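A.B. asks: My questions will all concern the structure given below.
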Amino acid sequence: MPIVLLGFMGVGKTTTAHLLNLPVYDMDHIIEERIGMPIADYFSLEGEASFRQLETEVLKGLLDLPSNCIVSTGGGVIKSEVNRELLLANREDNVLLTASFEVSYQRIRKDRQSQRPLFLQCSKEEFEALYRERMALYQGLADTVIDTDKLIPEQVARKILCK
């Protein structure tokens, strides 16, 4: 099974994945290719439930990949109970990247390339509630947990390669 990077928005999953010198399968990019539009647009047109169903289909396919690759998940992949069950079965190969709420919030705010629909729709307080809800769902899904608050992406990548 592949190494699967989990974590809330802004913890560095995509950035770190590309530093590991292995083939990278970014779930958000795969989904955008499949739907032919940015996720934010799909969210607006089809709603979150439709997006999560598509996300589950993509996750199932990616978990069947060989062990010499990286899967970078979307920040909300754990919202689906089906996805959490799939990830739990893969927990020894999962790496949970964490960051404090404030660090995640500032990283997302500064990221001009990614328009994250849930971030754009929420006040800071609502976004913090979302962060806390999702962090609780991540618990137990990965044997390896790395706090990225004070690490640069290269340090995070080294920790993953040494696991």
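In case you wondered, yes, glycine gets a Cβ from its N, Cα and C as well.
Owing to the predicted nature of the structure, the values given are computational and were not obtained by experimental measurement.
Reproduced below are the annotations present in Swiss-Prot:
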- GLY10, VAL11, GLY12, LYS13, THR14, THR15, ARG116: ATP binding site (BINDING)
- THR14: Mg(2+) binding site (BINDING)
- ASP28, ARG52, GLY75, ARG134: substrate binding site (BINDING)
A.B. asks: For substrate, with binders ASP28, ARG52, GLY75, ARG134, what's the maximum Cα separation in whole Å?
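C.D. replies: Pairwise Cα check on ASP28, ARG52, GLY75, ARG134 gives a maximum of 17 Å.
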A.B. asks: If you measure VAL11 (ATP binding site) to GLY75 (substrate binding site) at Cα, how many Å is it?
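C.D. replies: Cα-Cα, rounded: 9 Å.
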A.B. asks: Within 8 Å of the centroid of the Cβ atoms of ASP28, ARG52, GLY75, ARG134, which other residues of that chain place their own Cβ, given that this set defines the recorded substrate site?
C.D. replies: MET9, GLU55, THR73, GLY74, GLY76, VAL77, ILE78, LYS79
A.B. asks: Could you give the Cα-Cα distance between ARG134 (substrate binding site) and THR15 (ATP binding site), in whole Å?
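C.D. replies: Here the two Cα atoms are 20 Å apart.
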A.B. asks: Could you state the whole-number distance in Å separating the C-alpha atoms of LYS13 (ATP binding site) and GLY75 (substrate binding site)?
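C.D. replies: That comes out at 9 Å between the alpha carbons.
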A.B. asks: Are there any residues in the same chain, six or more apart in sequence, whose C-beta is under 8 angstroms from the C-beta of ARG52 (substrate binding site), and if so which?
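C.D. replies: Listed in sequence order: GLY76, LYS79, SER80, ASN83.
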